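Trainee: My structure is below; once you've seen it, I'll send some questions.
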Amino acid sequence: MKNIVILISGRGSNMQAIVEAGLPHRIAAVISNRADAGGLDYAQARGIPTAVVSHREHPTREAFDAVLAAEIDRHQPDLVVLAGFMRILTPGFVEHFAGRLINIHPSLLPSYTGLHTHQRAIDDGVKLHGCTVHFVTADLDHGPIIAQGAVPVLRDDTPDTLAARILKVEHRIYPQAVAWLCGGQMWLNESGKVTSNGPEANDTFIVAPEME
Ligand SMILES: Nc1nc2c(c(=O)[nH]1)N[C@@H](CN(C=O)c1ccc(C(=O)N[C@@H](CCC(=O)O)C(=O)O)cc1)CN2
Ligand SMILES: NCC(=O)N[C@@H]1O[C@H](COP(=O)([O-])[O-])[C@@H](O)[C@H]1O
């Protein structure tokens, strides 16, 4: 059984999808940089240890990251999962958790790194957008890719409608990526639950070559 620590900044729907996937691993803690993150209420209601490490209470990124890393380390994580965590992490933090620090980003990396990806994709008139699970490196949204899900952009899409469509795919590929990285040959079915069967017929996983 592996120890998973999940970092959030908001509602935490990706965290919820991972919790509800039924993985045979421990969600050791859910930690947020914002005390008002809705995901904290969900985790507490499920009896998952929570903590808040506020970036506003530290004078520098390095100071914040050091306190955050110490809080994470208390839970002896095998995997640290950024799930809507909205702070850029310093090279020292990334190095400390290198190889066991992942993120989900709402674009098909390497396209559209950074923020506001849905609006930018719509503005550019792209026909395909999606989401990417990747290892976190010092360079923003540039780490080795673990999985991607591709989603069509519709003519009348707004950032919100596109984000909602992509979020459903995020909730499939993130738990799947966590399952793989925690050493399981597990697959998750359409409803996002662990199954002993192989990938679903219409899965949109693009497994990075180094993962094969
Ligand atoms: N060193 C890295 N840190 C983080 C990465 C990464 O790949 N390398 N991924 C991000 C997640 N993310 C996109 O997927 C992302 C999150 C936040 C920002 C950003 O500009 N944040 C601002 C604050 C914004 C806010 O508080 O609302 C900032 O940190 O100044 C860009 C991309 C997580 N960290
Ligand atoms: N650059 C990071 C970023 O934009 N992440 C995105 O924030 C949302 C968090 O939703 P959630 O809190 O419901 O999981 C998700 O769509 C995730 O891809």
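A Cβ is built for glycine as well, from the same backbone N, Cα and C atoms used for every other residue.
TrEMBL does not curate its annotations; it predicts them automatically.
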Trainee: Among ARG56, ARG61, ARG120, find me the residue TrEMBL lists at the same (6R)-10-formyltetrahydrofolate site as MET86, ARG87, ILE88, LEU89, ASN103.
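Mentor: Looking through ARG56, ARG61, ARG120, the residue TrEMBL assigns to the (6R)-10-formyltetrahydrofolate site is ARG61.
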Trainee: Select, from GLY12, SER13, ASN14, ARG61, ARG87, ILE88, each of the binding-site residues with a Cβ positioned under 6 A from at least one atom of ligand 2; if none does, say none.
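Mentor: Among GLY12, SER13, ASN14, ARG61, ARG87, ILE88, near ligand 2: GLY12, SER13, ASN14.
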Trainee: Would you count the other C-beta atoms found within 10 angstroms of the C-beta of MET86 ((6R)-10-formyltetrahydrofolate binding site) for me?
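Mentor: I get 14 for this one.
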Trainee: What whole-number Å value do you get for the CA-CA distance of ASN103 ((6R)-10-formyltetrahydrofolate binding site) and ASP141 (site 'Raises pKa of active site His')?
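Mentor: Counting only the Cα atoms, the answer is 8 Å.
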Trainee: So if I take the binding-site residues (GLY12, SER13, ASN14, ARG61) and measure from each Cβ to the nearest atom of ligand 1, which come out below 6 Å?
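Mentor: Near ligand 1: none of them.
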Trainee: Measuring Cα to Cα, how many Å separate LEU89 ((6R)-10-formyltetrahydrofolate binding site) from HIS105 (active site, proton donor)?
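Mentor: Distance (Cα to Cα, whole Å): 15 Å.
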